[in-house]
Amino acid sequence: MPDPLPTRSPELNGATYRAVADARAALAALDSTARRLPNPRLFRTPSLRTEAQSTSALEGTYAPLAEVLTADEERPQSTDMREILNYVIMAENAFNWIESGRPLTVSLLEELQGALVRGTKHEGPSSGKIRDHQVAVGRREGARPGDLSVQAARFVPPPPGLELQASLRDLLDWMADKSIGREIDPVVSAALSHYQFETLHPFHDGNGRIGRMLIVASLYEQGVLLEPTLTVSPWFEARRTEYYDYLFAVSATADWNTYVQFFAHGLEASAQRTHDRMITLVDIRAEMKENVRESSLRADTAHALIDFAISNISFTVRAVEKELQISYGRANGLVGQLVQLGVLAPLYPGSGGARRFYAPQAYNVLLDET
């Protein structure tokens, strides 16, 4: 069982403190931009889908970002896509819980894990429950083919039972403790709580995805972020070997410095990338609305549709009808007019069934994760 997290910051060197300060500055810039937006929530769903694609890829469930961004949540094309989109549902539930002012609880995490695996190959009797059996993570170098999974594992999490449940409750209490927030920088506390959750590995499946969601949840709960639009997994996915090595190194050598510094660099780069993408989407939104103003369309309804198209990367006319509370005929006509203006486009031209539409300019910004 890992040691309880400290009530004061671990001793960090100068380079790590500088990395933490740089991460805080990047997060502050992102938050400042979000606070100036008329509707900061506009970019939540696109950000969650981007995060869902990368965080799932880290765990071996892959679909191209282009498909994840435009997938129909109600009719996913594969079980892998169902699993990826489940992350969006899970994260939304977690962030809504935080918005209500309630602290994270073990029962909430159990609900989130159940939502994450629902309708996938990982769903089973242990879904939505703290694991009741031993698990092993990775495979160590030099392991022999005949070794048992625990013998061959790179890391063996704590055994199931009351102590595991108590340690998870202790972690959540630590995250909710306001005095901890006064003693430990939010970037450092997010790093520590992420490590602790991954080390406890409390569920049979989904620990990595829930753990990375908790990074953003921690910053959101502490007020570092106005909106949970930060996408952290693309950066970690590009450095997956280092990411796992640094997590394991803390368990093996108690090397907080190297891990926290790496983690802080990740938050800084992720915040900068999210900030740049947000600014670009704001500019594109303004350009799309200017195209409407120069046309003969009724601006207020068309502008509302543009906002809807940015926050919902692909959609049907029925969805527009429901969102804007207008008739189907009017929604269909409005979508058609924005297609003629080049603001919207059919997602799959010529396809049958309920046609889906999207805003190509916004879509292309989200695809650019370099």
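Each Cβ is built from the backbone N, Cα and C atoms, and glycine gets one as well.
What TrEMBL annotates here:
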- HIS201: active site (ACT_SITE)
- ASP205, GLY206, ASN207, GLY208, ARG209, ILE210, GLY211, ARG212, TYR243, TYR244: ATP binding site (BINDING)
- 104-265: domain 'Fido' (DOMAIN)
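Overlay of TrEMBL annotations on the structure.
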| residue | record | Cβ within 10 Å |
| --- | --- | --- |
| HIS201 | active site | 19 |
| ASP205 | ATP binding site | 21 |
| ASN207 | ATP binding site | 21 |
| ARG209 | ATP binding site | 27 |
| GLY211 | ATP binding site | 21 |
| TYR243 | ATP binding site | 21 |
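Per-residue confidence over the domain 'Fido' (104-265) averages out at a pLDDT of 91. Here HIS201 (active site) is positioned 6 angstrom away from ASN207 (ATP binding site), judged by their C-alpha atoms. Using Cα positions, the member of the binding-site residues ARG209, GLY211, TYR243 nearest to the residue listed as 'active site' is identified as GLY211. The ATP site in the record is lined by ASP205, GLY206, ASN207, GLY208, ARG209, ILE210, GLY211, ARG212, TYR243, TYR244, and its two most distant CA atoms lie 19 Å apart.
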